[in-house]
């Protein structure tokens, strides 16, 4: 009897319990052996060890009981997920709502004539939707909120499920836009004279619209009913989520990583070349104007390098858990939330991945404000002056 194989074929609902009791009974009668395999859920949150007990009963009946304990206890999983939901996700989501609202206002004030501003504006819009969705999902998931009813009669929890379907395509759009931004900045450094002909505002808007269409297609397909039998956990629906979130995240993760490395190398080479050229020019000319120009150029290059590297680093760090989980699931398909041994570990890693993605949508304002003098100037004129007048 292959117990491992039978465990993998266990219905998903059984994995909800803390541990499972497997009964393997061999009955020998008239030189024939009959093997019975039964599964009994243990409705306890206590952590149990792996036991192997042989009890010999009359008439040559031997019962062997296996008790499998998850690698992380059910109680610990509940605590971690609860902290993630109420203290981290809601906090990061609330911060993201205010931060991205400010970002949208600032970039509208700055204008959308430049491709960089278009990317930052679109990124802020999707980050705002992610932050709103994260707060709605967490608030409507737990009692007594999810037991309430909307005026239409629908459950409040259905509102959270709808927000979940909104967050997935927005996460994919965020990954695509970050990849566009990193490639554009890389071209600005490597091909400074041709980048304006290659990347135009119109082409960038078309790329973003195509990306939004691609992500929206899979959400529409989720609601296409192919006919009986209906299965919400079908392989077809799993593929939709993979191609709408996991694949874009994986592709954009490596694009951003490679672009960041190329960008840093190009910036370093350009900075060394500018320093050498300025030093040669300064040796032939005297005066403080050359020194001032050198300091201004070096400072500008360093700020540009820090800004791009910071934005890309935030994306890489925050999306790394999601990419790692996807690759781990590809390498080891049994690593799912339904596995009786690794299920709780997968839930915890998914919770951490979710928090990191919401944080990615909340902290970009710190980079914008610190690295961009133009952003800081417009932000102060829009908000700080108003707050000062109210005060």
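Every residue gets a Cβ built from N, Cα and C, even glycine.
The feature transmembrane segment, as given by TrEMBL for the ranges 63-85, 86-108, sits at 86-108.
Feature annotation (TrEMBL): of 348-369, 370-391, the stretch labelled transmembrane segment is 348-369. Of the two recorded stretches, the transmembrane segment (120-139) lies close to the transmembrane segment (348-369), with three or more CB pairs under 8 Å once pairs fewer than 6 apart in sequence are set aside.
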